[in-house]
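This report concerns only the one structure given below.
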Amino acid sequence: MTLKTVTIGYPRIGPNREMKKALEDYWGKKIKQDDLVAASDKIFENNLDEQVKAGIDIIGVGHHTMYDPMADWTLRFGLLAPRFQPLVGTMSRLDLFFSMARGVGDVTALDMTKWYDTNYHNLVPEIDPSTTPKKDWADYIEMIKKAVAKIGGDKVGAEIIGPITVVDKASLKGVTLDQVVDKLIPLYIDLLKELKALGVAEVQINEPALILDKAKDLRSTYERVFTQLATVGVPINLITFYDDIGEAYPWAVKLPGVTAVSLDFTRGDTMSLLKKHGFPQGRRLGAGVVDGRSVWKDVSLASKMLKEIKDTVGPNVEVSVQPSSSLQHVPYDVENETKVDASLKARLSFARQKLQDVKAVATAAPGTAKGGVEFAVQDADVKEPPADMINRSKPFTERRSLQMATLGNVKLPTSTIGSFPQTPAMRKIRLKYRKGEVSSEEYQRAVDQYIAYCIGVQEGLGLDVLVHGEPERSDMVEYFGERMDGFLFTQLGWVQSYGSRYVRPPIIHGDVARTGNQPMTVREFIVAQDCTTKPVKGMLTGPVTILNWSFPRKDIARKEQAFQIGYALRDEVADLEAAGCCVIQVDEPALREGLPIKPARWAAYLDWAVKAFRLSTTVCKPELHVVTHFCYSEFEDVMQAIKDLDADQITIENSRSDDAVLKYLVEQGYDHDVAPGIYDVHSPVIPPTDKLMERVEMIKKSGLEFDRIWIVPDCGLKTRKWDEVIESLRNLVTATKSIRG
Ligand code: GLN
Ligand code: ZN
């Protein structure tokens, strides 16, 4: 007996990034709006074809977008922020849509925020008392009509973002969630009526807000919403994903009008909730057992889970087999990867393969389907690193005086965050080298010349701790992944980060170690250090960031992978130290974003994240000054972990904030060195010296101990031009010197 198969979202960027190309051509005025729409339609139709061909029974349709579904619904519900109102009527609806996404003239774009714990980012609608929702969803109805005509209404699951999730994701000013939700309900009712008239199989109402801890307090809101939506009488699939729905489970699965509830069994602990509270009869359980966020084939695991689910709910509850989430988080097709060997390929599963996996799980008797990952090892089974490998040999206060002596006891030492401008010439020769068009000698010569120039500039400017400039790195994770065993780099494994920006995360597929135990960064360090008597910072990407910006393995815990990367970096730190390095920066900009959705699981994550970092860094002598860098300066949730890293210095972005964060650090008793960025690297404006002096004075007054302050710009110098960088840094050094004096 085959179970029903359902999808709840598919990649929308095109197998060859067609959407990106079309968008950029349209924005660059190379193609017309009709061409853009045609490119988008083509992707939409191909996606439908693929899912029909795979035999999916109900296909999620509706999250197809040219930029971001949240932006789509912002416009479709008339939630246009006031600053965009004057644009209405001066441009096409589509251009209005893009102006929310990208800004136009001096009208700034909507903010972007992380979509739950994924690497996708959605736009943030802005809602205040003046917002008057109105329907503007003809484009959506057109899309659903097209799907109905093409594949038949009985196969169409019309995907929409639910009202509570929309409002929860919005930035609200002067209005409450309930007030806005209540304004929206009549519109949702109208929308559901229109969808009912089109004869769709079900409306897939995405309510990922249910996975948040705060959902437990939203029971009455959810009940009010669904009681009213139920009056329409269209089948509703209540879709949740990325985690279990926790305390909301007992009432959420019973919400009125809901004919199916889709739950993620691959993250969190949905299985325990199901076993504890059961599942109401008379509605379908959408079992998200095929991991929609993993690139690994997990048919065996999914099939075992399905058996457990079936055994729990018994024969009277219909169960459908589904990916645990939208497949937008995985690339299109592993068959596009011509360089991956067959045995590895057979274990991988991208969106197209996931469709087959869902079908395989649904077709076999539960528990019997085979393929891919068999067991997923848990955090608890991971061997902890020994204490002597995660502790420095001396406490901070003792090692600091040694470090400062090495660094010449400069007050307010100046430095930068690592990269210097990535010049077109450097990019060009790197590309040629990759294609085999220039020899490694020639490439290294170019890298070395760049490094020498970079050091010369920094010496000339009078900076205190120099960097080599990272000319050999196109990406801070890729560079290391390519020099370690266990990482696979795909050719077409793109996933959407936001709008037209896609990333190609490496896939961790085996145990991680430096390839041939060869140093990864020492050669460039030596080239740099040979050019100067000033200290040059070694520059590494941290274990947690490498892990969080990759697709992890599914057969071993992430914790174990973090430790493996930690051990590899530990060897690198030891090699840098042996080469004479006395300051090493280990960047961890992704530490905070790896926080699990449920605060109850933060401690476990931060525990292994901190250990992985310490594994990397504590190998060195007390004289070595260890720096870490975060692009963020939001510490509320991670303060203890930041302290526990036991880095000698933290560098943070701070130019766009006041002294609040610095004061917070003081209040929290953070007593290691701090380097707050004093100017915004993302702006082409050269910061004048007097402005920079004000910033330094502000830092001095924040309460941070004077002796512990370093002066740096924000991160991202690689995105600027040399002349801008030189002028800005000259002012930074001048400002610092006059304050020292
Ligand atoms: N060292 C890196 C650089 O300066 C840090 C990158 C980052 O801040 N994300 O480019
Ligand atoms: Zn940064």
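Placement of Cβ uses the backbone N, Cα and C atoms for every residue, glycine included.
Source: prediction; values computed, not measured.
The active site, proton donor annotation in TrEMBL covers His682. The 5-methyltetrahydropteroyltri-L-glutamate binding site annotation in TrEMBL covers Lys20, Asn119, Trp549. The L-methionine binding site annotation in TrEMBL covers Ile417, Gly418, Ser419, Glu470, Asp587. The L-homocysteine binding site annotation in TrEMBL covers Ile417, Gly418, Ser419, Asp587. Annotated Zn(2+) binding site per TrEMBL: His629, Cys631, Asp644, Glu653, Cys715, in sequence order. Annotation source TrEMBL lists domain 'Cobalamin-independent methionine synthase MetE N-terminal' at 5-312. Residues or ranges marked as domain 'Cobalamin-independent methionine synthase MetE C-terminal/archaeal' by TrEMBL: 412-737.
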For this session: Using DSSP reduced to three states, classify Asp587 (L-methionine binding site) as helix, strand or coil.
Result: strand
For this session: Find, for the listed binding-site residues Asn119, Ser419, the residue with the lowest Cβ contact count at a 10 Å cut-off, counting only other Cβ atoms.
Result: Asn119
Exercise. Given the recorded positions Trp549, Cys631, Asp644, His682, Cys715, which one's Cα is the least distant from that of Ile417 (L-methionine binding site)?
Worked result: Cys715
Problem set entry | Cβ-based isolation winner (fewest other Cβ atoms within 10 Å) among the binding-site residues Glu470, Asp587, Asp644, Glu653 | Asp644
Seminar exercise, completed: Check: min Cα-Cα distance from Lys20 (5-methyltetrahydropteroyltri-L-glutamate binding site) over recorded positions Asp587, Glu653, His682 goes to His682
Problem set entry | Which recorded positions sit within 10 Å of His629 (Zn(2+) binding site) - Cα, from Trp549, Asp587, His682 | Asp587
Problem set entry | Where the C-beta lies under 6 angstroms from ligand 1, the matching binding-site residues among Lys20, Asn119, Trp549, Asp644, Glu653 | none
Seminar exercise, completed: Once DSSP output is merged into helix, strand and coil, His629 (Zn(2+) binding site) belongs to strand
For this session: Using C-alpha atoms only, work out the spacing between Trp549 (5-methyltetrahydropteroyltri-L-glutamate binding site) and Cys715 (Zn(2+) binding site) and round it to an integer in Å.
Result: 18
For this session: Give the subset of the binding-site residues Gly418, Ser419, Trp549, Cys631, Cys715 lying near ligand 2, defined as CB under 6 A from any of its atoms.
Result: Cys631, Cys715
For this session: Note the Cβ centroid of Ile417, Gly418, Ser419, Asp587, the recorded L-homocysteine site, then list each other residue of that chain whose Cβ lies within 8 Å of it, in sequence.
Result: Thr416, Val467, Glu470, Met476, Met539, Gln585, His629, Cys715, Leu717, Lys718
